[in-house]
Amino acid sequence: MSQTKNIIIFGGTGVIGKYITSAILASKESFDRVALFTSASTVSNKKEQLEEWKHQGLDIIVGDLTKDDDVLSAYRSFDTVVSAVGRNVIAEQINLIRLAEATPNITRFFPSEYGTDIEYNPQTSPHEKPHQLKLKVRKYIREEVRRLDVTYLVTGPYADLYLGNSNNAEYGSFDTKAKKATLLGSGEDPVSFTTMKDVGKLLVAALKHPEESKNKALKVNSFTATPNEILAEFEKQTGGQKWDVEYTSLAKLTELEKKAWEEGNPAATVYTLRRIWTEGGTLYKKRDNALIDAEETDSLAQAIAQVVDSQA
C-alpha cells in the first residue's frame, strides 16, 4: 500500500490530541502536508498553540465537523485521517468515517482510541459503560467500511494521569509533596501504561508503517508496572523516605464505581476504567511495538521523574 503523505487531524488540540499533533509535526519531514481541522472557537481560544504549530508547518482548516460539506471540502487534499476527538464527540466519528469511505483519495483512517482496549474481554467488554460509543464506531466500521484501511492504536491508560495527585484519592493517587499514596487493588496487580508523549510517538510509527498496521488494533505501551513498583520508584526519586500508603481494594473500587453510576457522578467513568485496569484488562502476552519499529519508549523511572518535576 502507498505511504502516508498528507494527513488531516481532527481533535488535535485536546488532551491527547495535542501530543499527537506535536509528534506528527516533529516528524513532518516524512510527510508532505499536515493539517488540523478545527472550529472557529478553537482558533480563538487556543491561538497561541495554533500559532506555534503553524510555524512548524501545520495548516489550519476551520470548519464544523457536523457539516458534511465542510468535511468533504477538507478531505479533498489528503490521504490519511487521524482522529483524536474527545469522549464527548466519539460518535461523531461515524460520519467522518462514512465521508472518508466515500472520498477516493482518503485511504487510511485512525479512529480515536488511544486508551483502554474496548474489546479485551468478549464476555465483559461489550457491557462496560465507558466503551459504548467506541464500540458503536467499531461496529460501523466492521459493517460498512469496505475500502478504507483502519488502524486502532490501543495504548491502555496514560501514565501521566494515573501517576498524578488525584483530587479523589479513593481511585488512586500519588502526592509527592505529602509523600502519600493510595494504591489500587492489592498493590501487586500489574497495569500496562503509555505516556502521552509516547502515544504521539507510537501514532507516528504506525503512520510510517502502513502495511504492518493495516486494519489492525495495535496493542502498544511504554511499560508495565504494579502499584507497589510505582510507589517504590516514587520513594526512590523523592529522597528514599517511606511514604504513607493506603489501599483501595478491588472490591471497594467496584462498590465506589457502582455508587458513582447510580448517583450520576461524572467520575463514574474513571472508577470503571480503573477497575478494569486493576482487574488486568490492559495485559497481553506480547505487545505490538516491534511491528511498527517502536520499541524505544519511556520507562517507569522517566514517567515518574516527569510527575515529580510537575508536582515540585
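Any Cβ shown, glycine's included, is placed from N, Cα and C.
So that you can see what the record holds, here are the features copied from Swiss-Prot:
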{"type": "TRANSMEM", "residues": "7-26", "note": "transmembrane segment"}
{"type": "BINDING", "residues": "Gly11, Gly12, Thr13, Gly14, Val15, Ile16, Gly17, Lys47, Arg138", "note": "NADP(+) binding site"}
{"type": "CARBOHYD", "residues": "Asn105", "note": "N-linked glycosylation site"}
{"type": "ACT_SITE", "residues": "Lys134", "note": "active site, proton acceptor"}
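Arg138 (NADP(+) binding site) sits 22 Å from the residue listed as 'N-linked glycosylation site', taking the CA atoms of both as reference points. Taking Gly11, Val15, Gly17 as the binding-site residues under consideration, the smallest Cα distance to the residue listed as 'N-linked glycosylation site' is found for Gly11. Local packing around the recorded positions Lys134, Arg138 was summarised as the count of other Cβ atoms within 10 Å of each Cβ; on this measure the leading residue is Lys134. A distance of 20 Å separates the Cα atom of Thr13 (NADP(+) binding site) from that of Lys134 (active site, proton acceptor). Our reading of the NADP(+) binding annotation (Gly11, Gly12, Thr13, Gly14, Val15, Ile16, Gly17, Lys47, Arg138) yields a largest Cα to Cα distance of 33 angstrom. The CA atom of the residue listed as 'active site, proton acceptor' is located 17 Å away from the CA atom of Val15 (NADP(+) binding site). Taking Cβ-Cβ distances under 8 Å and a sequence separation of 6 or more, the neighbours of Gly11 (NADP(+) binding site) in its chain are Gly17, Ser83, Ala84, Val85, Gly86, Val89, Ser112.
Around the Cβ of Val15 (NADP(+) binding site), 15 further Cβ atoms fall within 10 Å across all displayed protein chains.
Cβ neighbour counts within 10 Å, taken over all protein chains shown, single out Thr13 as the most crowded of the recorded positions Thr13, Asn105.
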